[in-house]
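A.B. asks: I'd like to ask you about the structure that follows.
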Amino acid sequence: MQFSKMHGLGNDFMVVDVVTQNVYLSPTKIRFLANRHSGVGFDQLLFVEPPYDPEIDFHYRIFNADGSEVTQCGNGARCLAHFVRMKKLTNKREIYISTQTSRMVLTIIENNMVRVNMGVPKFELPQIPFDMHQIEKKEILYLAKNYIFGGIVSIGNPHCIMIVNNVDSAQVSIIGPILEIHKYFSERTNVGFMQVINREQVLLRVYERGVGETQACGSGACAAVAIGIRLGLLAEQVQVALPGGKLVIYWRGPGQSLYMTGPAVHIYDGFIND
């Protein structure tokens with residue numbers, strides 16, 4: 001099995017071409033490969049598959065380091081765009097992909113920068129999914145004392161955003177796993193901790209479900225900005241600084257698609273003899 005190791009702002013991936021290769025990896029095998037001591041080491045495994053729709057160029061599957069399959073990864077989408085061009089699976093600069101829950105348009109700009117149309121953020125509780133009505137704010141604030149509950153949103157995957165005064169001292173490793181598996185999130189959730197610097201700049205740390213805290217989370221950056229704009233705290237275009245680097249997020253508001261721009265980096269190619 002041939003693969004590429006890639007990263008987007010330090011959020012690292014093992015990317016596999018399943019268009020020209022026949023590949024199946026069990027959850028146990030994925031966990032083994034994800035191990036940074038005995039395997040390849042990665043936050044997520046990405047499968048690039050043939051499309052299921054004539055209007056789509058590729059189907060995109062994402063597996064977390066714990067072997068669970070998830071429905072969205074913004075940093076991974078940028079790496080996918082770089083990967084399919086690099087491997088000559090397409091010569092397009094605008095690439096249409098599908099996931100289990102959404103469709104995205106990836107536009108390769110220059111110098112390995114990629115702009116991703118992440119679709120329209122969803123705030124309706126059943127679409128997140130979030131199985132509670134009316135009292136979610138009180139319950140979440142009880143779990144995450146000394147934080148301001150920003151909101152919950154789906155960017156193709158669920159996110160809970162907390163607003164903090166100082167992102168460096170945020171208890172990401174404590175609050176993150178508590179909220180990730182909270183009973184009201186039927187599919188678990190990603191948890192973002194956002195510090196607002198001004199209307200055009202935020203600092204963000206993200207605890208990703210099935211992974212833990214990562215250097216960057218593209219969909220998490222999108223979720224944080226969408227929540228911030230909805231609360232009237234942020235402008236339409238915002239620079240999000242994560243531990244691994246910066247993303248630019250643009251959203252005009254309800255009913256509009258949200259856009260993320262950032263880098264995609266190829267590290268090396270490898271081969272695993274099964």
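Cβ coordinates come from backbone N, Cα and C, glycine included.
In case it helps, Swiss-Prot gives these features for our protein:
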{"type": "BINDING", "residues": "N11, Q44, N64, G74, N75, N157, N190, E208, R209, G218, S219", "note": "substrate binding site"}
{"type": "ACT_SITE", "residues": "C73", "note": "active site, proton donor"}
{"type": "ACT_SITE", "residues": "C217", "note": "active site, proton acceptor"}
{"type": "SITE", "residues": "Y268", "note": "site 'Important for dimerization'"}
A.B. asks: Can you tell me which of the recorded positions C73, C217, Y268 is spatially closest to N64 (substrate binding site)? Compare CA atoms only.
C.D. replies: C73
A.B. asks: Where the record says N11, Q44, N64, G74, N75, N157, N190, E208, R209, G218, S219 bind substrate, what is the longest distance in Å from one Cα to another among those residues?
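C.D. replies: The widest Cα-Cα gap among those binding residues is 17 Å.
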A.B. asks: At 10 angstroms around each C-beta, which of the binding-site residues N75, N190, S219 has the fewest other C-beta atoms nearby?
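C.D. replies: N190, out of the binding-site residues N75, N190, S219, has the fewest neighbouring Cβ atoms within 10 Å.
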A.B. asks: Out of C73, C217, give me whichever of these active-site residues has the highest number of other Cβ atoms within 10 Å.
C.D. replies: C217
A.B. asks: So which recorded positions out of C73, C217, Y268 end up within 10 angstroms of R209 (substrate binding site), measuring C-alpha to C-alpha?
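C.D. replies: So far as Cα distances go, none of the recorded positions lies within 10 Å of R209 (substrate binding site).
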A.B. asks: How many Å lie between the Cα of C217 (active site, proton acceptor) and the Cα of N75 (substrate binding site)?
C.D. replies: 6
A.B. asks: Measuring Cα to Cα, how many angstrom lie between S219 (substrate binding site) and the residue listed as 'active site, proton donor'?
C.D. replies: 6
A.B. asks: Please report the three-state DSSP label of C73 (active site, proton donor).
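C.D. replies: Note: C73 (active site, proton donor) is coil by DSSP, not helix or strand.
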